[in-house]
Amino acid sequence: MKKIGSLYDKYGTIVVLLVLVLIVTSINPKFMTMYNILNVFRQVSINGLIAFGMTFVILTAGIDLSVGAILGLTGMILGLMITSGTPDFIAIVAVLLMGALLGLFNGVLISKIKLQAFIVTLATMTAFRGITMIISDGIPAMNVTSNAPILDFFSQGSVLGIPFPMILFIASFLILLVLLQNTSFGRGVYAIGGNEEVARLSSIPTDRIKTMVYVISGFMSSLAGVILTSRLSSSQPTAGMTFELDAIAAVVIGGTSLLGGRGRLFGTFIGVLIIGVLNNGLNIIGVSAFYQQFIKGVVILLAVILDRKNSQ
Amino acid sequence: MKRISLFVLALLLIVLSACGSGNDKGDNEGEATNDDGGNGGTIALLMADLGNPFFHVLSDAVEEQGKELGYEVLVYDGQNDASKQPSQVEDALQQGVDAIIINPADESSTANALKDAIAQDIPVVTVDREVDIEGILSYLVTDNTKGGELVGKWLEEKMPEGGKVIHMEGIIGTAPQRERGGGFLSVIDPAQNSDSKFTILDTAVGEFSMAPAEAAMSDMLSKHDDIDVVFAQNDTMAVGVVRAIETAGREDDGILVLGFDGAKEAYDLIDEGKMAATAVQDFEFIGAEAVNYVDTYLKDGTKPEEEVLVDVFMSDEK
């Protein structure tokens, strides 16, 4: 019995995902076409990258509300740089660095000045969005990819028939998985989330690790911003609003505890797919907009309740 | 640390206030603002969301006509947050403005604040959306229902043999979503108009913004391979729809994309042959007309019509 319980604990979210896929497919088999599966992966990649970074933050018992604003700001700068003639490769590298720097700013405030992550990232979320509005004057940059083949590749490109955003999604997952499971940094992340004081006393560099998780989160958000800008061929000053909520939802559905110390990146991977399959599947079945929101809310609740039951 | 942050805060406030007064000077051009009505008065313009580039057409029109008639125009941006606007109205009253032109974020949030203005006999004109109170000088709005019908009729003329339609809706429950969609469906939906040769293949929600519209459209492209027409209830969504078609490599399906607003992006896409047409809201007219109403009222107390519906027109100019 205990064994079944622990199996369920490990694979519970996968069961939710499979049941969802089965229901949607049985109502409209078009869901299972290769075309649509690639479509789903292309769509989830943005939330996925943000949610991976968010997983690291939440594992340390932190939270990063500024991810959507970082996506918006770096995406806007990317669009403005390219439309004013900067080569796209340079612009992309610049905004990725910038995403990491914005994360570093969050991380230093939280780890060195000991401010609460919720408050710091709530403030920077507002400030970063404000900067986005100031530099763009509230006006989107249009036709960003028309002379930017590298940026265009980020959403339109594919390798051996696999869309590039999907490759980025899976590659980041694998790299971050190794970082979290097989390095002392990863063990430190779990240790801090478990008990920060104990971690500090065991001579784990807690401040540095806590700063680093926000750097990762900022970097992943700006990478998601590059994909979104490429997808829309446009930088919207409002891009990324409420994205933090989808990312947090994916992390929590995936079984990571908001209290930190417990959870897995693979869970987030499945959580992201559950949200993606819900969004896409409800459209494919043709559920009306009113019911869509309700169903999404119920599924998130169910997934979390299942997970809570298993962990008790 | 505390002392440093206090110092930085003080510095920031000083710099900001300097910026603010600098701007004022620019707008006034040294003219005294403190008279009651007529030339040289002040109009507060409260916009619901200047994040939507299309609304800059409206605010620019108000500013231009204001300058023309000798008013200083103070612009407030509600940043698409209905809870911000009431305090902006109060701020404007504090500043002693002579008139208020407001593009409300919704029908009720600013009602109480605007009642104070009306009680002080300050004329209030609402543009693009109504506020549910007595005593508003005038309410100028695009006739969205008629606009939706116009899109439908244009489509009937363009495709007399009919076709299969995807209806991309805005934020569910908002007036433009209900009215534009209602007008369009009253012509195109066979359930409402038995003469229609069209069928509504599917309805998707794009929330009046680009990213959700792009995602919803890519789902629609997965689901259907026989789409003839997409009607997006605003141009921002139409741009997302066009992008989804490109991403899916389905440009050769010959899908006709229709938008609503008359935004610059739409004209660009029409130029490139990627969009068929857009229903143009005459924001330049609405903005200028709002200033005219305020001006005549302040000068001789003449009241305009309480509700003015402004027609849209279709544009497929290349």
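Along the chain as shown, the residues are counted starting at 1.
Cβ atoms are placed via backbone N, Cα and C, with glycine included.
Curation plays no part in TrEMBL annotations; they are all automatic predictions.
Beyond the transmembrane segment (A:12-28), the same-chain residues lying 6 or more positions past its ends with a Cβ under 8 Å from any Cβ of the stretch are 253-255, 267, 270-271, 273-274, 277-278, 281, 284-286, 299, 302-303, 306-307, 310. Feature annotation from TrEMBL assigns transmembrane segment to A:12-28 (among others).
The annotation transmembrane segment is assigned in TrEMBL to A:65-83 (among others). Listed by sequence, the residues of this chain that lie at least six past the ends of the transmembrane segment (A:65-83) yet keep a Cβ under 8 A from its Cβ atoms are 50, 53-54, 90-92, 94-96, 98-99, 102-103, 106, 118, 121-122, 124-129, 131-132, 135-136, 140-144, 147-148, 151, 217-218, 220-222, 224-226, 228-229, 234-244, 247.
Marked as transmembrane segment by TrEMBL: A:89-110 (among others).
Positions annotated as transmembrane segment by TrEMBL: A:117-139 (among others).
Marked as transmembrane segment by TrEMBL: A:159-180 (among others). Counting only same-chain residues 6+ beyond the ends of the transmembrane segment (A:159-180), those with a CB under 8 A from a CB of the stretch are 38, 41-42, 44-46, 48-49, 52, 55-56, 59, 153, 186, 189, 216, 220, 223, 227, 231, 265-266, 269.
The transmembrane segment feature in TrEMBL is assigned to A:212-232 (among others). Within the same chain, residues 45-47, 49-50, 52-54, 56-57, 59-60, 62, 64, 66-68, 70-75, 78-79, 92, 95-96, 98-104, 106-107, 110, 144-145, 151-156, 165, 168, 172, 176, 185, 189, 239-240, 243 sit at least 6 positions outside the transmembrane segment (A:212-232) and bring their C-beta atoms closer than 8 Å to a C-beta of that stretch.
Annotated transmembrane segment per TrEMBL: A:265-282 (among others), in sequence order.
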Non-local residues, at least 6 beyond the ends, that sit with Cβ under 8 Å of the transmembrane segment (A:89-110): 62, 64, 66, 70, 73-75, 77-78, 81-82, 116-117, 120-121, 124, 128, 148, 150-151, 154, 210-223, 225-226
